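Novice: This structure is in structure tokens; I'll ask about it shortly.
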Amino acid sequence: MNKSYKILLTGSVIAIGAMGLMANSINSREAERKEINTGPVVQAEGVASKNEEWYRYYPREYDSWKQTKKSDKITDLLREKPQLAIIWAGYGFAKDYNAPRGHFYAIQDNINTLRTGAPTGPSNGPMPTACWTCKSPDVPRLMDEVGENEFFTGKWAKYGNQIVNPIGCADCHNSQTGNLGFSRPHLGRALEASGVNLDEITFQDMRTLVCAQCHVEYYFRPTEWTDKTGKTKTAKVVTLPWAKGLSAENMEEYYDEYSFKDWTHKISKAPMLKAQHPGYELFSKGIHAQNGVSCADCHMPYKQQGSIKYTDHNIGNPLDDIASTCLTCHRDSEKAFRDRVASKLERKEQLMKMAMDTLAAAHLEAGKAWELGATEAEMQPVLELLRSGQWLWDYSIASHGSFFHSPEETLRLLGVANDKGGKARIKLAAILAQHGLIGYQVPDFSTKEKAQALAGVPLQKLITEKKAFESTLLEQWNEEAVKAGRLDPKTLEGMSNKSSWSQTELSQ
């Protein structure tokens with residue numbers, strides 16, 4: 001009996017000890033969880049724009065964010081879809097347009113693209129400061145320091161030595177609390193203009209709306225203001241055209257009311273609109289949004305590390321981690337689900353190509369009509385169809401994921417776009433016939449080189465100028481940013497440097 005008692009006592013002591021160790025481990029992990037999720041003060045005031053400053057409190061999120069570095073492939077969409085160079089003739093996208101890469105490359109891609117030109121100083125170049133708006137947490141830092149209107153005044157090169165950290169923590173999180181928040185004022189204004197009560201926004205809403213700060217349609221609205229010295233200036237303020245609603249037709253009506261145009265088409269002379277990336281607007285019309293699914297649910301799934309649950313910040317294609325994203329709700333096999341997505345993409349690609357071929361041919365036919373002496377009165381109905389049809393086409397595909405976020409709306413828009421382009425071509429055939437030309441065959445635009453030549457893009461000149469810029473002013477920007485403590489050069493280690501035009505040179 002005594003022996004049994006001793007065995008029981010020993011076992012009890014061991015069990016109690018094990019339970020104590022387990023409790024200590026659980027308490028330790030619980031304390032860690034609370035520390036990470038309490039929302040520590042990363043910076044007492046202002047905006048903590050250097051992403052590495054957030055690592056201390058959010059190591060898992062930061063390490064996963066750095067994985068966006070792996071998404072470094074350059075896909076030259078002008079080479080894959082040469083119709084684009086015709087469709088955008090006279091606009092920057094005819095020079096250079098690539099598929100999106102990881103957030104880690106946001107600054108590099110903005111600098112490398114031929115669209116931003118080759119400035120030689122802070123006050124020249126083709127683009128305004130607004131072209132930095134969605135590329136860096138340095139943007140809200142600067143808005144906080146100099147004011148929104150001052151930020152939006154001047155040329156892109158004005159802030160080359162200031163905006164140096166790629167899309168990261170402070171773009172979506174408040175530096176004082178760590179909570180999700182709007183770092184770009186244009187979104188709050190647009191939501192209110194569209195009838196949203198900002199006080200009623202939920203945490204789940206925010207898991208989409210922080211993305212909507214940038215994945216939206218916008219334009220640069222000229223805004224006069226007076227600085228502290230009394231000088232009148234004009235800012236090009238990022239504005240979301242949501243006052244009439246979030247559909248493509250609502251925004252077209254908004255732009256028409258202001259007689260707004262992004263550019264005049266170089267070939268057809270049509271007053272054109274360029275859709276940016278209306279991902280949020282199209283997503284809001286899809287089945288996922290209607291069922292309360294957020295962007296983060298699919299693109300930033302929760303991960304588990306021990307007792308710690310955190311959000312994966314390796315933002316990318318949900319199909320790359322399908323077990324943690326799509327298949328948590330959809331009960332298909334992985335193959336069946338991938339096949340379903342591929343089918344949606346195939347249908348979109350088919351209708352998109354039809355619309356692009358139609359619109360590109362219509363622009364070239366319009367150019368020929370002008371060449372033969374067509375009048376403004378003859379061409380006006382054609383130009384209206386081209387403006388509207390191309391807007392609907394661009395709106396439907398510019399956000400890249402629209403075929404999945406809102407497949408029905410995407411296909412509807414492509415169908416209407418193709419119809420309007422076709423109607424423009426019918427009218428143009430009649431105009432050309434009236435001016436003595438029947439059966440006109442448009443020039444071949446089947447390759448990037450042929451299409452850019454027709455669009456008047458001096459590609460080699462643009463590349464030469466960009467290379468000169470990168471070996472002079474860009475190096476100066478980086479040196480100044482490092483010296484001022486705005487950029488830690490260690491964050492650039494192991495980073496590839498790619499562009500579509502450097503790949504073009506290598507292939508020649």
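Residue numbers in this text run from 1 along the chain shown.
Each residue, glycine too, has its Cβ placed from N, Cα and C.
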Novice: Which residue of HIS173, HIS186, HIS405 does Swiss-Prot report at the same heme c 4 site as CYS295, CYS298, HIS299?
Specialist: HIS405
Novice: Say Swiss-Prot lists CYS169, CYS172, HIS173 as binding heme c 2: which of HIS277, HIS288, HIS313 is in the same site, per that record?
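Specialist: Candidate in the recorded heme c 2 site: HIS313.
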Novice: Rounded to whole angstrom, what's the largest C-alpha distance between any two of HIS103, CYS211, CYS214, HIS215, listed as binding heme c 3?
Specialist: 13
Novice: Compute the mean position of the Cβ atoms of CYS295, CYS298, HIS299, HIS405, which form the recorded heme c 4 site, and then list in sequence order the other residues of that chain whose Cβ is within 8 Å of it.
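Specialist: Along the chain, the qualifying residues are THR208, CYS211, PHE283, HIS288, VAL293, SER294, ALA296, ASP297, PRO318, GLY401.
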Novice: HIS330 (heme c 5 binding site) has how many other Cβ neighbours within 10 Å of its own Cβ?
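Specialist: If we count other Cβ atoms within 10 Å of HIS330 (heme c 5 binding site), we arrive at 13.
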Novice: On a C-alpha basis, identify the one among HIS103, LYS135, HIS215, GLN276 that is nearest to HIS313 (heme c 2 binding site); the candidates are the binding-site residues.
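Specialist: Closest by Cα: HIS103.
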Novice: Far apart in sequence but close in space: which same-chain residues, 6 or more away, have a Cβ under 8 Å from GLN276 (Ca(2+) binding site)?
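Specialist: Result: VAL216, GLU217, TYR218, TYR219, ALA398.
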Novice: Restricting to the binding-site residues CYS134, HIS215, LYS274, CYS329, which ones have a CA within 10 Å of the CA of CYS295 (heme c 4 binding site)?
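Specialist: Cα filter at 10 Å returns nothing.
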Novice: Just checking, which of CYS131, CYS214, CYS298, CYS329 (binding-site residues) has the fewest C-beta atoms within 10 Å of its C-beta?
Specialist: CYS329
